[in-house]
Amino acid sequence: MSGAALGFEIVFVFFLALFLLHRYGDFKKQHRLVIIATLLAWYLCFLIVFILPLDVSTTIYNRCKLAVNSSPAESNGSYVTLAPSKQKCFKPWSYIPDGIMPIFWRVVYWTSQFLTWILLPFMQSYARSGGFSITGKIKTALIENAIYYGTYLLIFGAFLIYVAVNPNFNLQWNQLQTIGIAAANTWGLFLLVLLLGYGLVEIPRSHWNGAKRGYLLMKTYFKAAKLMTEKADAEENLEDIMEEVRKVSESIKYNHPLRKCVDTILKKCPTEYQERMGRNMDDYEDFDERQNSYPSEKSLAKLHKQVIYSVQRHRRTQVQWQILLEKAFYLEDVAKNESSATRQFVHTFHSQEPENKIIQYFYTPTVEWYWECLLRPWFYRVLAVVLATFSVIVVWSECTFFSTKPVLSLFAVFIQLAENTYNYIYIEMACFLTIFFLSICVYSTVFRIRVFNYYYLASHHQTDAYSLLFSGMLFCRLTPPLCLNFLGLTHMDATISHKNTQPTAYTSIMGSMRVLSFIADGFYIYYPMLVVILCIATYFSLGTRCLNLLGFQQFMGDSEMTSDLIDEGKELIRREKRKRQRQEEGENRRREWKERYGNRDDSTRSRAVHTDQKESSFSETNTNRPLSKYTRSNGRTERDRVELLQDAEPLDFNADSVNDDPLESDSGR
């Protein structure tokens, strides 16, 4: 069982990262390198979170083993040990043999750092480039990242020169490596506290508000009004870009050297625009450089970049609008069914997607009514209280984890109590729940934030390549300081506990922060206390109010602009609801007509087919009869044909009607 737990978590975390990436990314349309790089970044970060509790339990066992194997006379002050007769160690079920964890952490950490500082920024520029060849995209990415990489090289070079000139510093390679790790963790901790302060308040509050049906419905109306504005803006932007593409396509003919670039741009356009542009093309005309001024390849690359962005944005807003409509309709159904006497949930519209038969069998309308109208609000309230309790514990521990005598951090108290009894399952569960809650607070904020239209993680496969890569960069930069902060909260980090005990394998890879005392004893200890101020600011929605004052409409109950947007969104939802009702009524009428007259039409059609078959069989039998007794000489046949031509009467085109059937004309005479 020693390696089974590690292997199981490695496989489980991989499928977890793959599932989340499939929810936000699009495996079919996005580049494979973008998918692989983002998957690797997410996978490594999630893996650190899941494997770290195993490292803690293994470290506690190793400390116990060292204490048992050493006697009080042999103790040199480095370890506080007990006599072998007074202490007995039990190997944890998830014990990882010595030598595996240091190699594992070294590979995971340096791979994630290579991704976040070198590869992912380069791939971001590569994905957003409008170049028409791999060489052109690489060139554009290198130019865009020249300032980015040059700044780091300049800072690192200046630091090396300062160390070489100053005789007081005698740094070795391991110390330089530790300084680099400390610099990266300092940047990550600065951003970590900002995101953590928001998530510690917003996650419990969102679950508490999730129990309020009226609140959710009003917020959905507000989102509908904002999304409709964004949707109209995206459609207008797409029309403008497509008009530029049409002009370029008409000016650059088939035999122009840049026609291949234009064809590449046209392939990225929506299908209806491609068909419209294809009908208006006159490719038989040759181009004349002396008469027309043609765009350059650089301008076409810029247009290509705009087409990719506008098409992605238009598609995303369309999908989000449909999802928001379904949510609004469902919340309105919940509000109507709360006063239902039958206690069966009735939907206004049937689901457009086929439901699973197993779920449909167990999740009956009665079960759905009890869950949505009675149990779910209370479940959300209880969950919000539990999450709020965790948030209070985290805030308290962040402010007191530097105190070792007495130990004030609640997480450190829990771990030390479990360490005295060597209850490894409790240790791993407590560590996992703690770091999992911290990760949820930080990562959910990463998924929620939106930087205009440049960074936005949209579900249902609507996230662009740039946002996916940017999220991978954030995860790789936030996860190492998050884990160090967790080890500090539990006093498993020797820098915080000030004990000369055996460190965890993860801490040994990070190196001793004593090289930079002002960071180890100052920034790492006192900066996390700012989480209290950020939590207070988030609780009173100071950031939301500031954005609202700057012109970015945010959902605020006491704002007049919010009320206007709610009314506008309510009217939009009502209009879409009437539209869908008319569509369903039309489909129901067609279905009833088909059920009522479908059999009659089928019988009439079958009789017509039967009559045609009889007539065709009769004509076939007439044509297939033997013609021996009707055969005549060639001269007689020619003479009969001439007589028939002479006896035929000419058609009277001035008559009122013309009868095509000669039998009817004979009977008339």
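These residue numbers are counts, starting from 1, taken along the chain as shown.
For all residues, glycine too, the Cβ spot is worked out from N, Cα and C.
Automatic prediction, not curation, is the source of TrEMBL annotations.
It is 224-251, from the ranges 224-251, 252-279, 336-363, 476-503, that TrEMBL records as coiled coil. Counting same-chain residues at least six beyond the ends of the transmembrane segment (6-21), those with a Cβ under 8 angstroms from any Cβ of the stretch are 35, 38-39, 42-43, 46-47, 50-51, 54, 94, 96, 100, 468.
The stretch from 103-126, 425-446, 466-489 with the most CB pairs below 8 A to the transmembrane segment (177-201) is 466-489.
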